[in-house]
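Visitor: Dumping the structure here so I can ask a few things about it.
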């Protein structure tokens, strides 16, 4: 499916973005292993999250869905039923990596697989420490890649230093650590998103954090709770940048998650000169939430590097679009993790923005962008990457002429209402 966009003149209105994808995944995972019934409200029912829901249904967890409310009757992991067929993770790296960690605590053997794109993404970064904890891993086709057969049980706690800053690896080991003997200690090179730690505490569990060290006691049983999922700041990022670069723009985005480990996008946009206000800030389920008001702004170039990168790794494609409209040279570095996302996002962003006339070059760990540039419409290959598709839809709305986004159905992975919201707020 293709998505065609044209230049717009104004943005206005008040909107809500879909529920946070990371929190939606984790609420299903933790609710499924908690004692009692968990209710999750305003959940993101995207393709990725549906993969996680489908996984637990196949293993015997009772999950009822009505609109955007999910009711889960949790069960002990040792009571998961055997499942001899492949468990299909689709294109969801979050599902694959976190669920490998979780089911390493089950005595049964399971096979996880994915679509052709997920099967290109590395998994040994998760399976290697799981093997150290005692899980049995078998690569059924190629080393490091799905499909993977995993058999767990009798895990032991370890001290593991993450080779890269990755919330998915960290979360997989935390979930395994809940079901092992002894204590698991995880050392991060820099802090990454901490939704898993926050939510485990919301479900009555214990996670200790001290600087870059996370400690998890083994053999914990969580207790059911209610979860209200805030709006996803990674989805809001597209609307924030669009509002900053469209000449006549003022937009309110309501009930957005403002977790400090995810809010790097806000700090960078402020550094670039974006006119933003955070209103009605509050705490829900241990997560900061608020409304964001943003207006058109004259942006200036910045350097994005170091510890802030993990807090905005998913927002770099849309920040690259913002940089094409900023005065000066924007440098993005320390972002080599972009190479193993749904696509190689460094190569994809650079090649597709060049089609639109941007002055941009790739580096080994990021990109360099000279702005401002008058973009021109082009045909964009999204590489089936949802964040690429949405970033270039935004670029197309400030470009002269028509922009066509190929394979735009991938947007449903995280933001099914994206095109509808664009139509609602655009003039």
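Each Cβ is built from the backbone N, Cα and C atoms, and glycine gets one as well.
Note that this is a predicted model, so its numbers are computed, not measured.
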Visitor: Suppose a student reads Swiss-Prot and sees 21, 22, 26, 166, 168, 314 listed for 3-phosphoshikimate. Which of 149, 339, 341 should they find annotated at that same site?
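Guide: Checking 149, 339, 341 against Swiss-Prot: the 3-phosphoshikimate site match is 341.
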Visitor: Please tell me which one of the recorded positions listed here (21, 314, 341) sits closest to residue 93 (phosphoenolpyruvate binding site), measuring Cα to Cα?
Guide: 341
Visitor: Across all chains shown, how many C-beta atoms besides its own are within 10 angstroms of the C-beta of residue 26 (3-phosphoshikimate binding site)?
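Guide: So the number of other Cβ atoms within 10 Å of residue 26 (3-phosphoshikimate binding site) is 27.
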Visitor: Which of the three DSSP-derived classes (helix, strand, coil) applies to residue 314 (active site, proton acceptor)?
Guide: helix
